[in-house]
Amino acid sequence: MTNILLAFITGLTTGGLSCLAVQGGLLASSLANQIEKNIQQTPQKQRKKHPNRQAHPQLARPILIFLLAKLIAYTGLGFLLGLAGQLFQLSPISRAVLLIGIGIFMLGSALRMLNVHPIFRFFVIEPPAFLRRWLRRKANQTSESSWLTPAFLGAFTILIPCGVTQVMMAAALATANPIESAALMFAFTLGTSPLFFAVAYFTTQIGARLEKYFLRFVAVIVLILAIVTIDSGIALAGSPISITRWFNQTINTTPTPSLVQFESDLSGENSDTQLITIRVRNEGYEPTLIHARADVPTRLRLISKDVYSCSLAFTVPSLGIQELLKPTGRMEIEIPPQKSGTRLVYTCSMGMYGGVIIFEDV
């Protein structure tokens, strides 16, 4: 339930901006044309008599239809992703490659929005030309079924997911549960709706000058998100060099005495096996830097209590280990003997939190 709430919050914040960057150009302009035509179709007498009463419902209706169709489409997509997740799961390295690829695309999209260089015009996903022509024809046709175009556009967004949406799709795939996956995508898409509605609604109200500054603001936000996404992919791939890992180790340079005690506990049940205890918290793992004995079997004991963040998806990329922990509970993972000098990186499934175990001769 908490994962669904986190998905909603993600959509409400970063997801909304990211979706706007990828989907905003084609969809917002198409919606604006549809909205403008609906307003023009209102009888002139009614517009003079009740100008405000007629404009606002006509303006809001196609946007709401678009968002509803988008919500239904992504919920159905989530169900299919959960179904596919039962057949196969992404490995940590595959997920890392996906994150890095998404981050590069987001970076190119942000630079395109800032008009840095013409080459970045290729960082945009558009439907085929014949489909764009069909959409324009439908938008320009006078028809009683004015809901058709925004409904189709809303459902069509599953073919041009933004970066954060693609990350959420990967998380939905990892659940391997159709119902949970559908609920996750429903919550995320619902979270993106308020910002998308506000921008679509006010696009026809603000001038091009103000809109230009707003798009620049969105581009800067997407640029920051792109760097974070690429860094998360690098961390998830097991790289010892990443902004996330540097930040985590910097804030944990002075561990409390209680953390030092369970950094490397060699008093396990078997004298030939060392036991390392890692505390799993909402904000990451403790400790983030562990010194352990080389050339002996190792058992990782993961202890969680009231945790509902990405930390629950524990991975050791180099060993292909990925475990989904309970919000409150304990899990033990067996690690084969490691050579002296080995740096074993562990991280959450999104590369946001992590740490490293350094194996040394004692």
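Even glycines carry a Cβ here, placed using N, Cα and C.
Predicted automatically and left uncurated, TrEMBL annotations should be read as such.
According to TrEMBL, the domain 'Urease accessory protein UreH-like transmembrane' annotation covers 7-227. Annotated transmembrane segment per TrEMBL: 63-84, 96-113, 147-176, 182-202, 214-238, in sequence order. Per TrEMBL, domain 'EfeO-type cupredoxin-like' is recorded for 268-358.
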Fill in: DSSP helix/strand/coil residue counts for the domain 'EfeO-type cupredoxin-like' (268-358)
6 helix, 49 strand, 36 coil
Worksheet item: Any residues 6+ beyond the ends of the transmembrane segment (63-84) with a Cβ under 8 Å from its own?
Response: 27, 31, 35, 147, 150-155, 157-158, 165, 169, 172-173, 175-186, 188-190, 193, 196-197, 200-201
Worksheet item: Per-residue pLDDT averaged over the domain 'EfeO-type cupredoxin-like' (268-358) comes to what?
Response: 84
